[in-house]
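S.K.: Sequence annotations record features per position, and here TrEMBL assigns transmembrane segment to 12-30, 258-277, 284-304, 310-331, 358-380, 386-412, 441-462, 652-670, 677-697, 703-724. Taken from TrEMBL, the feature domain 'Membrane transport protein MMPL' applies to 217-422.
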């Protein structure tokens with residue numbers, strides 16, 4: 001059947017088919033310009049994650065805003081007049097950038113202990129370095145020892161400080177998110193109406209367009225900030241950090257990686273292919289098919305608006321490798337037939353080459369698709385897209401390879417081939433003898449390898465060390481390193497404590513004689529002040545101290561931070577609820593947002609502290625014994641950990657299904673149970689060995705290595721099928737005499 005198709009179409013009208021195929025490829029390639037790159041943090045989150053929804057709710061509730069951090073290490077003392085003037089000037093320049101709402105620094109934060117003053121003075125008014133002259137020795141002591149500022153605003157050696165660039169709230173972004181979440185919630189309960197589906201599609205489309213516009217603006221803002229930093233690099237060592245900057249730079253890294261990695265691979269492939277085949281004709285054919293396969297796949301991504309992310313950007317290299325492997329199999333088969341049947345016509349050589357490799361190549365590609373399709377079962381959009389991209393990409397490679405390869409051979413005609421040098425593969429003829437004569441040793445080694453792999457695989461762990469994804473000479477790495485080592489850390493983890501409503505408030509019976517007094521009392525004292533009860537403050541302080549004593553934790557900040565400062569201001573006496581309520585009511589709004597609002601939400605009866613820690617759930621359950629008080633962890637550490645666990649679990653849960661499907665594929669191809677078992681074992685050993693080596697070398701599974709199973713399975717299956725298909729063919733040809 002396949003021969004008839006080739007004879008009727010491709011071999012009869014090779015030039016016409018070349019034109020038609022090239023027009024189709026050109027159309028797809030043209031759409032490659034629409035490929036979008038998304039390196040935002042959202043691409044690494046589980047969209048249906050309950051923790052993500054909780055995080056977004058708390059993000060709004062605690063008046064959080066996105067921000068960038070500029071680390072500033074001056075040549076002179078941080079409190080030197082020249083340094084302070086530089087900080088003032090650079091802050092003013094930053095505030096002129098379109099997307100920056102305000103800048104906080106050592107100039108603007110309230111000074112509460114320079115000198116230590118009574119609480120009544122604090123309530124009357126709080127100053128900063130920008131509003132009043134201070135004794136700088138007292139200021140330095142406060143920055144270095146205040147629970148609010150030490151190891152957060154300034155480093156322990158007082159050589160580095162942070163400038164916090166608060167970005168303007170992007171309310172429209174959250175409106176898109178909220179609208180989508182509401183529609184998806186509705187979909188979980190009932191079928192969406194036609195209008196709902198159209199609204200969801202419209203919302204997603206508008207959100208993509210808005211996000212792309214915002215990305216361009218963010219990129220411009222980052223560029224403006226960096227230009228400002230350049231103007232002050234003579235006065236200090238300055239680095240920029242923050243999620244927005246990382247996302248912006250990651251997009252450029254992905255683009256550069258696609259370009260540089262692609263070009264590097266081309267040059268490497270040219271060298272290797274020419275070394276193997278000694279003919280630029282074969283080099284051109286192989287690279288051309290690889291090139292149009294990548295372009296065509298990119299065009300499909302553009303047409304269907306599949307976004308390339310940090311994870312899925314690997315598809316170019318993976319598709320190149322798989323496509324090249326397929327074309328090289330064809331070239332090798334053609335050359336083998338050429339030297340075996342030197343008088344055969346180009347048509348016979350070509351048709352036999354194509355037909356002998358079509359079935360094994362088809363099954364190799366389909367089984368590779370099965371391997372990558374396991375990624376589709378993940379809950380993370382970019383991982384799903386990588387699975388889809390690779391599945392579509394290698395199917396495109398299969399089709400284009402078996403169209404263009406025979407067309408090129410027919411149009412070019414039969415040419416003299418260069419004999420391979422003996423030293424290129426001189427070891428290959430020795431392998432059968434080793435296998436036949438050393439079978440027991442090989443089986444023993446296979447068993448030992450399996451044991452080695454199983455033990456090593458048990459040592460595999462999941463980790464998300466984001467800083468290690470970047471080279472040490474990049475600004476992302478340098479900035480994150482300074483923040484990690486000197487300013488409290490980069491990966492936030494929040495603990496939200498929820499208190500139930502206090503039911504022990506005594507209600508005064510209505511009495512007209514007390515009405516005027518009651519009204520006056522209410523006007524001066526909001527109900528919010530009653531939130532600051534002694535038992536709540538004690539619990540918050542207890543949890544704060546627990547977290548602060550864990551070595552792995554960076555900077556811990558909470559309402560207890562204010563309590564510790566207040567104790568110093570209150571003659572070393574703990575603040576009571578009345579004093580805290582007084583501070584809450586009288587503290588200026590700007591300072592309230594800086595000192596208190598990030599850690600308490602009275603309307604929701606909650607308190608929060610930021611920290612970097614793992615394994616605290618169990619300990620907090622022991623600490624929080626009151627059944628009326630609950631806690632929950634949130635922020636980026638939790639969200640990324642959920643993402644990694646989802647990836648890890650999807651690898652485990654889909655492994656059995658993938659092996660089962662592969663077994664079915666092998667059974668259809670070989671129709672022999674023994675051959676199926678051999679094929680499965682030969683695929684499982686190298687994959688388990690990869691995991692074993694990772695475990696023994698303590699290489700973690702993360703967002704960059706989690707796809708290793710799909711990749712290893714795809715490559716191993718390809719080689720297995722080609723080998724066993726050829727073995728089966730030769731075995732039948734020799735009537736069972738494998739020797």
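Glycine too: its Cβ is placed from the backbone N, Cα and C atoms.
Relative to the rest of the structure, where do these features sit?
M.R.: Computed over the domain 'Membrane transport protein MMPL' (217-422), the whole-number mean pLDDT of the model equals 83.
Same-chain residues lying 6 or more positions outside the transmembrane segment (258-277) and placing a CB less than 8 Å from one of its CB atoms are 283, 286-287, 290, 294, 308, 313, 316-317, 320, 324, 328, 331, 335, 418, 420, 424.
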S.K.: State, in range form, which of 12-30, 284-304, 386-412, 677-697 has the highest count of Cβ pairs under 8 Å to the transmembrane segment (310-331).
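M.R.: By Cβ pairs under 8 Å, 386-412 leads among 12-30, 284-304, 386-412, 677-697.
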S.K.: In the same chain, who gets a Cβ under 8 Å from the transmembrane segment (284-304) while lying at least 6 residues past its ends?
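M.R.: Distant contacts of the transmembrane segment (284-304): 25, 27-36, 262, 266, 269-270, 273, 315-316, 319-320, 323-324, 327-328, 331, 389, 392-393, 396-397, 400-401, 404-405, 408.
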